[in-house]
Amino acid sequence: MTESTFAVETFSMDSMSPSPGAEIPRLTVSPADTTLKFEDLVPEGLPKVDTPKPAEKKPVKKRKSWGQELPTPKTNLPPRKRAKTEDEKEQRRIERVLRNRAAAQISRERKRLEIEKLEGEKLKIEQQNEFLLRRLSQMEAENNRLSQQVAKLASEIQTSKSNPGSPASASASASTSSISATLAPSTSPTLAPVLFKQENDLLDNIDSIPFTINPDPSTTTTTTTTTTTSNNISSTSSTTLSPADLDHSSATPSDLAQHPAAVFHLNIPLLREHDHVHPPPLSDADLSRLFDADSSSEPDLSFLEDGFSLELLPDSDLGPFAFDSLVDLGPDEDNQQQQQQLQQKLDDSIGFPEQTPLPASGLQPSFGASLERCDEQGIAAGAQ
């Protein structure tokens, strides 16, 4: 009994377990379609209940507008003190907002001025650019025109070289003059054969200009006429010359400085550089007359025999007479002044154009010397 029961149970378990080679069937209906929802269970007559939604985020506080007036701070906190209470923090916030507004206003003003400056520079540069473009177009047109004229002139020059007597040579010269006047009308002359012809005519006329001088001492008139054919213009110049003017016309500035009397037509004989006449040397009689002109009587030469008395000197001071002999061979200040006066008199009486001083030893005798050269050579101061 027991074995039969165990065999039936084993058979039933084997029939229920799937075979290892059998495939699992696939589902043809979605599980979501078979799931019941809460809305489907509620009857149609009853109102639907809204489900609660999650809480929304708190909106961010927007920035206040610039035109909004700030409240007056309730506290008066010093600048360097730390804010602790809410009123003090509000005061710091208001001060910060005011500083930011002022800085923003300054920044906007600076940007506005900079933009205006850049716009002005832009307008100025645009105007300059337009002007330069117009100038460039004008210069290009002028350059093209001149290039055409140069090419035409080159062809005419080649033609004139091949045929010198043809009318093309004359037109080439005219074209050369016109181009020269066009390129530099105020700085360069007209390069034409007429210019060189005029220069040759002027050189020829210079040699043929007459200069006539009458022997009469009165002023004479010499008329010089020079006629040039440059651009059909004739010039006539009249010059009044005198013998004195002709003499001084070729004088150098140094000659005029040395002869002031001749320049002002004074009645003093004029001596040219090649007509200098030196007077003969002065004799002893002339020297005696010149030196003794101020004295009423001849000099007293008795001290040469009797000697010089020292009693005449105050306190017997021999300082000024520190010499061994009675002859002073060196010139003193009085002698130099007298020599200068004598030289001036000689120049005024003779009329030298240049002052040439004579040797000092031959003009003035020293102290104690004879005027008639009767002493020995060692004593006479005037001996050479």
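Glycine is no exception: its Cβ is also placed from the backbone N, Cα and C atoms.
Annotated features in Swiss-Prot:
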type	residues	note
COMPBIAS	1-18	compositional bias 'Polar residues'
COMPBIAS	84-94	compositional bias 'Basic and acidic residues'
COMPBIAS	218-240	compositional bias 'Low complexity'
DOMAIN	90-153	domain 'bZIP'
REGION	1-27	region 'Disordered'
REGION	41-94	region 'Disordered'
REGION	92-101	region 'Basic motif'
REGION	106-113	region 'Leucine-zipper'
REGION	208-256	region 'Disordered'
REGION	331-384	region 'Disordered'
**Study point:** Helix, strand and coil residues within the region 'Basic motif' (92-101) as assigned by DSSP
**Key:** 10 helix, 0 strand, 0 coil
Exercise for review: With DSSP as the reference, give the number of residues of the domain 'bZIP' (90-153) in helix, strand and coil.
Suggested key: 64 helix, 0 strand, 0 coil
